[in-house]
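**Student:** Reproduced below are the annotations present in Swiss-Prot:
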- Ser113, Leu114, Leu115, Pro116: (6S)-5,6,7,8-tetrahydrofolate binding site (BINDING)
Amino acid sequence: MSESLRIIFAGTPDFAARHLDALLSSGHNVVGVFTQPDRPAGRGKKLMPSPVKVLAEEKGLPVFQPVSLRPQENQQLVADLQADVMVVVAYGLILPKAVLEMPRLGCINVHGSLLPRWRGAAPIQRSLWAGDAETGVTIMQMDVGLDTGDMLYKLSCPITAEDTSGTLYDKLAELGPQGLITTLKQLADGTAKPEVQDETLVTYAEKLSKEEARIDWSLSAAQLERYIRAFNPWPMSWLEIERQPVKVWKASVIDTATNAAPGTILEANKQGIQVATGDGILNLLSLQPAGKKAMSAQDLLNSRREWFVPGNRLA
């Protein structure tokens, strides 16, 4: 076995917790865990710990929850742990230059894309949104830029025609820990080979918004079907009927030309709700009216057929 490293782990959501879990089984010494402060969640707005905090406390690890790492006293928390390396996975706080330089081997990050493609906040969703054939994880050495550091290790996986951001997230949550453990071994052995990112290949994965997820019928059916998968499970593609938002969970493309204006309902039957787009027909298969559970088009038509009269246009 390689040298056992003293590791600080910094992360917040379930995706990060899966990486911490792998680290704890790897023989390395996790000396401290940084995660975001508890946040109000649920209907009662009760303060809830992050998945990383829950796991760290279960395992008896010291947990730190600073609001920022800019204050000197919070940076001292990192320095006092005398770590060999800091592993950062979906932490959500900026690491100042002073913190990046504290561990002997620096700070490394698990990023959910094949860098330099999709630097930024929403790499999983944007890879689907753009119609990429594959994605993966990149383990990189962190610097002060946004996902600009040297790449240490990559693992890729295909994006299938059925993938949603939810299923891709799960795939990358399996790949990430594998890549992380391999990278740590290479760092410990001195065999890591940093690779500079090619700036000519950079794309940016901008944050998603609920407004962006509103269905724009002027786009092609193929684009819309992809966006529906990219925005599932958040923020969810949606359309508005009688001033109510209706989420769309699943749709398919019917490769038939139509002269109808985009947004025109062509048919509504047990096969789905067929709507004209800027190019081709989108068949809505699973929808969720406000305050209800997701249901098949057939079930929605049974209760709300007046919403989907052929010839009418959806906004």
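Each Cβ is built from the backbone N, Cα and C atoms, and glycine gets one as well.
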**Student:** For Pro116 ((6S)-5,6,7,8-tetrahydrofolate binding site), write down the residues of its own chain that are at least 6 apart in sequence and whose Cβ falls under 8 Å from its Cβ; none is a fine answer.
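**Tutor:** When sequence neighbours closer than 6 are ignored, Pro116 ((6S)-5,6,7,8-tetrahydrofolate binding site) has Asp147, Gln197, Asp198, Glu199, Leu201, Val202, Thr203 within Cβ distance under 8 Å.
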**Student:** Leu115 ((6S)-5,6,7,8-tetrahydrofolate binding site) has how many other Cβ neighbours within 10 Å of its own Cβ?
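**Tutor:** Within a 10 Å radius of the Cβ of Leu115 ((6S)-5,6,7,8-tetrahydrofolate binding site) lie 27 other Cβ atoms.
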**Student:** In the structure shown, with every protein chain counted, which of the binding-site residues Ser113, Leu114 has the densest set of Cβ atoms within 10 angstroms of its Cβ?
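**Tutor:** Result of the Cβ crowding comparison: Ser113.
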**Student:** Name them in sequence order: residues not among Ser113, Leu114, Leu115, Pro116 whose Cβ is within 8 Å of the mean position of the Cβ atoms defining the (6S)-5,6,7,8-tetrahydrofolate site.
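**Tutor:** Going along the sequence, the neighbours come out as His111, Arg117, Trp118, Arg119, Pro123, Gly136, Thr138, Asp147, Met151, Lys154, Gln197.
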**Student:** Tell me the coarse DSSP state (helix, strand, coil) of Leu114 ((6S)-5,6,7,8-tetrahydrofolate binding site).
**Tutor:** coil
